[in-house]
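Encoded as structure tokens, the structure appears first; notes follow it.
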Amino acid sequence: MEFSVKSGSPEKQRSACIVVGVFEPRRLSPVAEQLDKISDGYISSLLRRGDLEGKPGQMLLLHQVPGVLSERVLLVGCGKERELGERQYKEIIQKTISTLNETGSMEAVCFLTELHVKGRDTYWKVRQAVEATKDGLYTFDQFKSVKPETRRPLRKLVFNVPTRRELNLGEKAITHGLAIASGVKASKDLGNMPPNIANPAYLASQARRLADDYETVSTKIIGEQEMEKLGMTSYLAVGRGSKNESMMSIIEYKGNPESEAKPIVLVGKGLTFDSGGISLKPGEGMDEMKYDMCGAASVFGTMKALAKLNLPINVIGVLAGCENMPGSNAYRPGDILTTMSGQTVEVLNTDAEGRLVLCDALTYVERFEPDCVVDVATLTGACVIALGHHISGVISNHNPLSHELVNASEQASDRAWRLPMADEYHEQLKSPFADMANIGGRPAGTITAGCFLSKFAKKYNWAHLDIAGTAWKSGAAKGSTGRPVSMLVQFLLNRSGQETEE
């Protein structure tokens with residue numbers, strides 16, 4: 001779909017359809033008022049008749065409105081004006097796109113970007129409209145023998161901005177939104193791919209393809225043989241029960257090759273399937289453990305968006321690919337592993353494997369002398385209990401970095417919340433036989449997992465994102481969400497000095 005911005009009067013738009021908002025109860029938005037005035041009260045007379053109340057998501061398609069050049073006008077219910085928030089705005093955009101497709105519109109001019117959304121500017125409204133549109137149109141049906149027929153005639157969508165001086169901002173919002181949407185789609189596709197296909201080697205192949213597509217990207221793959229030489233014993237232990245080789249993919253993006261600035265490093269947990277190993281998970285819902293690689297998928301999606309945007313910064317993405325399976329060679333509860341850092345870990349539960357992969361990856365990235373490291377992982381069920389399915393968890397050893405990430409999450413409407421990491425929590429990880437245990441008991445499970453990782457991130461500024469509750473949805477809407485690609489790209493936009501506000 002083609003997106004663009006313009007600034008003009010609604011009645012003068014020569015388009016198949018123009019889209020304007022109506023608030024509850026039957027209150028016209030400023031743009032709808034303009035059309036009503038031009039049409040001698042035609043729209044308000046329909047509302048008085050009860051054709052549209054203005055409740056969120058209500059739609060009314062009008063034909064041949066007097067004085068209006070557009071063939072059709074789509075009235076969109078936006079709820080109560082003062083209650084129009086971010087979530088409702090995005091839902092309204094998606095419902096609008098669905099209605100435009102259902103009614104056969106090939107092009108439309110959308111004035112919903114002129115609505116007032118509390119605390120949000122034109123850039124945000126246009127970018128979120130692009131992201132929401134792309135997200136609403138996403139499908140994953142490549143494994144269906146008979147593909148569902150969906151009517152999608154809409155090819156061109158124009159967002160109207162209030163003034164001409166906002167056109168550049170709107171165009172930038174579209175550029176950013178399309179790149180982020182592309183990254184989100186790439187992340188979703190990886191997450192939704194079945195585990196018999198999306199194994200660590202598949203992750204590596206996608207990383208190589210990214211390098212083939214962009215001159216600014218290069219890729220290095222580290223297999224088990226090299227891991228053994230590097231002393232990545234903890235990482236290797238997790239994958240021992242699987243016939244699929246563990247592979248770590250290093251994606252290097254050089255947007256500013258002349259710069260001497262230290263790179264930003266993103267590390268993604270890539271458990272392409274997590275059975276729990278010897279500490280086997282319950283059978284119910286185990287199919288969703290293909291999503292245990294969504295951390296790596298989100299890092300991949302972020303790197304793709306970054307390459308599309310051609311940002312002038314240097315970033316390294318690490319996809320820590322592995323599969324946790326039971327088997328005669330699998331690691332066991334009671335094993336003591338010597339990590340790449342030299343620290344030892346007593347394994348109390350083989351289903352707490354993500355941290356055992358990440359700890360060696362975090363040690364490996366020391367060689368890049370990073371400005372900062374952000375790891376992303378579907379790490380703990382405890383995070384779902386703490387924050388539900390709406391907000392990702394943040395744990396960090398560096399206050400400014402955690403503030404940057406939380407701020408980026410607010411800007412991108414991909415929210416995260418910082419959790420504490422006090423010294424007392426480290427007590428739960430004590431082991432009588434090794435330097436630490438790999439679990440710290442039931443209390444504060446997300447925090448103790450973060451504390452574990454922090455022991456391997458002492459040589460740089462580090463933050464951990466626990467996306468166990470936000471990486472995918474269950475039930476009727478089952479599938480990967482692509483989060484937190486939007487947040488990570490926003491973080492990198494901010495780091496590269498890209499202005500995203502008026």
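Just so it is clear, glycine is given a Cβ too, placed from its N, Cα and C backbone atoms.
So that you can see what the record holds, here are the features copied from Swiss-Prot:
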BINDING   Lys269, Asp274, Asp292, Glu353  Mn(2+) 2 binding site
BINDING   Asp274, Asp351, Glu353  Mn(2+) 1 binding site
ACT_SITE  Lys281  active site
ACT_SITE  Arg355  active site
**OP:** Output, ordered by sequence, the same-chain residues six or more apart from Asp351 (Mn(2+) 1 binding site) with a CB under 8 Å from its CB, or 'none'.
**Re:** Asp274, Gly276, Gly277, Ser279, Leu280, Lys281, Asn324
Original post:
Cα of Asp292 (Mn(2+) 2 binding site) to Cα of Arg355 (active site): how many Å, rounded?
Top reply: 12
Original post:
Just how many other Cβ atoms lie inside 10 Å of the Cβ on Asp292 (Mn(2+) 2 binding site)?
Top reply: 28
Subject >> Which of Lys269, Lys281, Arg355, all recorded positions, has a Cβ with the fewest other Cβ atoms inside 10 Å >> reply: Lys281
Subject >> Packing count at Glu353 (Mn(2+) 2 binding site) (other Cβ atoms within 10 Å of its Cβ) >> reply: 28
**OP:** Using the centroid of the Cβ atoms of Asp274, Asp351, Glu353 as reference, list every other same-chain residue with Cβ within 8 Å of it (recorded Mn(2+) 1 site), in sequence order.
**Re:** Val238, Leu271, Ser275, Gly276, Gly277, Ser279, Lys281, Asp292, Asn324, Thr350, Ala352, Gly354
Subject >> Conformational class of Lys281 (active site) under the three-state DSSP mapping >> reply: coil
**OP:** Indicate whether Lys269 (Mn(2+) 2 binding site) is helix, strand or coil by DSSP.
**Re:** strand
